Amino acid sequence: MVQINSLLCAERPVLPKQHSKAVKTPRLIVEGTASAFKLRGTPGVRHFRAATIKAAETRSVRAAAAAQPGSSSEGGDSIGEKSPSGSPSTDGVSKGAQRGAAVYGVLAVVLVAGGVSSIAAPQLFMEKLFTVCGNEACGAFMRLAGVFVLPVAVSLWTLKSAAENGRLGSATYQRLNLGLLATSLGLTAVAIAAIVSPALATTNLVWGDVAVPLLIAASAGHVLARGESGIGGALGRLPSDVASVFKPTGAASALYALLTAVSAAMAAGLICFPASLHGFLFSETSSIGPLPILLKRYIGVLLLMATTVAFCLKDAADRSRLGGTTFKLLNMSYSFSCVGSLAVLLWYVQNTTAAQLTAVAGCMFGALGVFFAFCGFQGIAASK
């Protein structure tokens, strides 16, 4: 017994100061076990004790590494990052998540194709959907709808990358999924309203405007429902998110907060007052009719997703995360949407003799130019 205790107490390894507390308890357990049971076989005791202390040291080192600043990504909202252990974040991603990523990618491509078609050939697009070509106002609204499809498509693409990297549980991606869910259900409602409206003659292609948003809503809702907090958790953050819009933390955050508020106001106006809102911008009435009103509501619903994107950028500015890949893509999508809508509206004014700009329209044009430059700069030059 004397020999065992002397071997246990001799030549204890000198551990780093920060790990000494972590391995103290295992050493006492080993020594107490050796004394209580009078273990025989000195080499066995020595190996058992050394292995236990080594395991405790390893756990202590891992805990210290995990506690280091920057060892994990705050919010988990930057695609392609690595886990704290250094392994790629795609490790352990299930096949279901990979299939979900593929669905996001396909839907993004479909939306881009539809948006490009409505911008390049709006009259033909309307004829294929509603059997009429529409007037110049309808053509402008169809082009605007194609422009504001871009933030939706880019959001889907970033969610595809997030699914591939196992990041869908992040608050940013939950907000994007929630925005997609609301936007898709709104687009479905507008398309169904067009189908059942006696004032509009629709073709079977309109059912595509029902099916695609329903697929997006199903994908977004499925991801939210399977999350740790479910859809209820994502909805539970809405009051605090809305309140934070009025509490910017800097100049960039304030501009994004303004962009969020303006986008939300335009969305509400186009959805609730499509017939009267146009008069605040242009002094003509050619946009009052079943088809122009329908298209303006469609644009208003798309602006719900633009509002979500603007708020995600505001939240990223609050956390100094605008240099992340996700936020660069979202910034560029909003920048292109601003310059695209500015170009469409200017074209509309130049080609419609009855359309005269009001003071409100002039302010809106100026705001679009500012937001285009600001979001484009952040998308190119922002760093972590």
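Heads up, residue numbers simply count up from 1 along the chain you see.
Glycine is no exception: its Cβ is also placed from the backbone N, Cα and C atoms.
Automatic, uncurated: that is what TrEMBL annotation is.
In TrEMBL this protein carries:
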{"type": "COMPBIAS", "residues": "64-76", "note": "compositional bias 'Low complexity'"}
{"type": "REGION", "residues": "64-94", "note": "region 'Disordered'"}
{"type": "TRANSMEM", "residues": "101-120", "note": "transmembrane segment"}
{"type": "TRANSMEM", "residues": "140-159", "note": "transmembrane segment"}
{"type": "TRANSMEM", "residues": "180-200", "note": "transmembrane segment"}
{"type": "TRANSMEM", "residues": "206-225", "note": "transmembrane segment"}
{"type": "TRANSMEM", "residues": "254-277", "note": "transmembrane segment"}
{"type": "TRANSMEM", "residues": "297-317", "note": "transmembrane segment"}
{"type": "TRANSMEM", "residues": "329-349", "note": "transmembrane segment"}
{"type": "TRANSMEM", "residues": "355-377", "note": "transmembrane segment"}
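Under the criterion of 3 or more C-beta pairs below 8 Å, with sequence separation of 6 or more, the transmembrane segment (206-225) and the transmembrane segment (329-349) do not qualify as touching, having fewer than 3 such pairs. Of the candidate ranges 101-120, 140-159, 180-200, 297-317, 140-159 contributes the most Cβ pairs within a distance under 8 Å of the transmembrane segment (329-349). If one looks beyond the transmembrane segment (297-317) by at least 6 residues along the same chain, the residues whose Cβ comes under 8 Å of a Cβ in the stretch are 77, 141, 144-145, 148-149, 151-152, 154-155, 171-172, 175-176, 178-180, 182-183, 186-187, 189-190, 193, 241, 244-245, 248-250, 252-253, 256-257, 259-260, 263-264, 266-271, 274, 324, 327, 330-331, 333-334, 337, 375, 378.
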